[in-house]
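First up is the structure itself, then whatever we jot down about it.
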Amino acid sequence: MSLYPSYPPNLTAEQLSYLITSFTDYSLSHGLIVRPAPTFIPTNPSNSLATPAPVTLWPSPFPRVHFEEARSLQTFCNLLYARVASDQSWLGDLSTSLSLVDDFISKLWAIHTRLKSENGYHHKYSLGLFRSDYMVHTSESEFAPLGIRQVEFNTIASSFGALASKVSELHRYLWRSGAYPPTAEYINDLSLPRNEALERLAEGLAKAHEVYIQDVSPDAKYTLENAASVGPNSSYGIMFVIQDGERNAFDQRWLEYHLTQKYGIRVFRVTFEEIRKYTHHVRPNYELLFVPPHAFDGKKQQVYEISVVYFRAGYGPGDYPGQEEWNTRYFLEESRAIKCPTVLTQLAGSKKVQQVLAEKKNLEKFMGNERGEDGVVERIFDTFAAIYPMDESEAGLKARKLAFEEPHRFVLKPQREGGGNNIYKDKIPEFLRELDEEKWQGYILMELIRPPEVENLVMRNGEMMQGKVVGELGVYGAVIWKDAEDGEPGDIDIMYNEEAGVLLRTKGSNSEEGGVAAGFGCVDSCVLVD
Ligand code: ADP
Ligand code: MG
């Protein structure tokens, strides 16, 4: 039995052609776009060519109860990961043992230890723009949904929020305009949820900007409300750390436009290399100053104090080709600016932390006092799939056996972000055999989630593909915190904690990875099924 109604509706050739025209023009005119891959458009003069982002033609059915549950857990997940990031000794134990086998983790952790032993931290507050990713899990014997299972928790560069909001609006428009035929009566105002990921993520950044200015300059009585009415004439700004040649630039630009247009905040997009050239600290408080080369008229040079450093780069080894880049990351970490995320928050998002938290006693360590809140610990715990360490602990030895005896049930994950790093099913034994056994403990072994298949059509570079797909729901969260004074490790004061919209990513049901940027998947929206 299928979980979903027969979907999507059949169209006549005329209906399909009308739908695709409406779809494409809406995407292009609303900035639901990406820069084309050089393999698709080899020359792109002045970077002026864009193409619609890969998106499903129809919203994909998703069970309403699971959608609501995932969203309602988000502020608690925010709290959990903020607490983990603040517990230096707990995170330190994990990071130091991983450092032995994972060079990237080792270098991140070294930034923290060096800072502690040299000048210390100068920031007071941290910003998390998180995304918790889930799939609906079905049982082996029948296609009954059992609940949501967390795929991973992202603490750095959680992308696609802006495009996800726009896909929700696109699908809503296709319904309202009549481009979807009337036979699709289950697509309507009640089944298409609003998705304010763009607005809410921008609000998180803007709030952190406000928190920063109120801290460094309380006399200025800066608030977002009065700033928005004055316009962007302040000497404070937000820095987006980006990759050179980013194809998903518009997803980031939309956040910038929102910050500038709605809140009057200036945004600077800079690469690690540009940071080296155009920024410096002011001692003794390590304010981060940016001297933008475009803001010089021959006489006067504008200088901006950076309130928030928002990383859309720096999440993987590829962003650090040499020591220079690591020095730049250290330099940013040392500054007074609010980091989104700090090195510690980035480490809290490692797959290892996810695996350790999946042991109930560890989850309880951080969330035990939330027990009274509608059984939150149990509800979060219920979203965890089985995840095993690959070390020499009892659970690790069991996992090592399972990895060879029943690999088809598992995915093996290294401590990496950004897609394309995992090892699936029957490839696991061979992979492990070729890897030094000491390095196994740098991986986690995770049970495969079995999402229900639905049928949909995907538009990518103007071409239509139809087939069975599965979806992964991401829920964004925005949280601002600081360490509590005289508190225990992990005790924090929360200044802001919100659920911040959703992302549905859809991929072919027989493709293992679902990364949109990596070319396997596309952005979708939910049509909720009761
Ligand atoms: P990354 O940090 O590279 O995004 P993920 O853990 O999100 O790593 O894995 C990448 C993709 O692999 C996911 O988007 C999902 O499609 C698939 N995947 C990961 N874990 C599982 C799992 N336990 N069951 C099924 N699919 C999974
Ligand atoms: Mg992922």
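Positions of Cβ are set from backbone N, Cα and C atoms, glycine also.
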Recorded Mg(2+) site member, picked from E405, E406, E417, that accompanies E152, N154 in TrEMBL: E417
Alpha-carbon distance [L448 (ATP binding site); Y315 (substrate binding site)] in Å: 24
By Cα-Cα distance, the member of binding-site residues P414, E417, G420, Y424, K507 nearest A157 (substrate binding site): E417
Output field, Mg(2+) shell: CB within 8 Å of site CB centroid, site E152, N154, E417 dropped: R131, D133, F153, T155, I156, S158, G349, K351, G418
Listed binding-site residues adjacent to ligand 1, that is, members of E152, N154, Q252, E417, Y424, L448 whose C-beta is under 6 A away: E152, E417, L448
Neighbourhood of ligand 2 - binding-site residues from E152, A157, G420 with Cβ under 6 Å: E152
Cβ-Cβ neighbours of Q252 (substrate binding site) (radius 10 Å): 20
Proximal residue to L448 (ATP binding site) among binding-site residues N154, R247, Q252 (C-alpha distance): N154
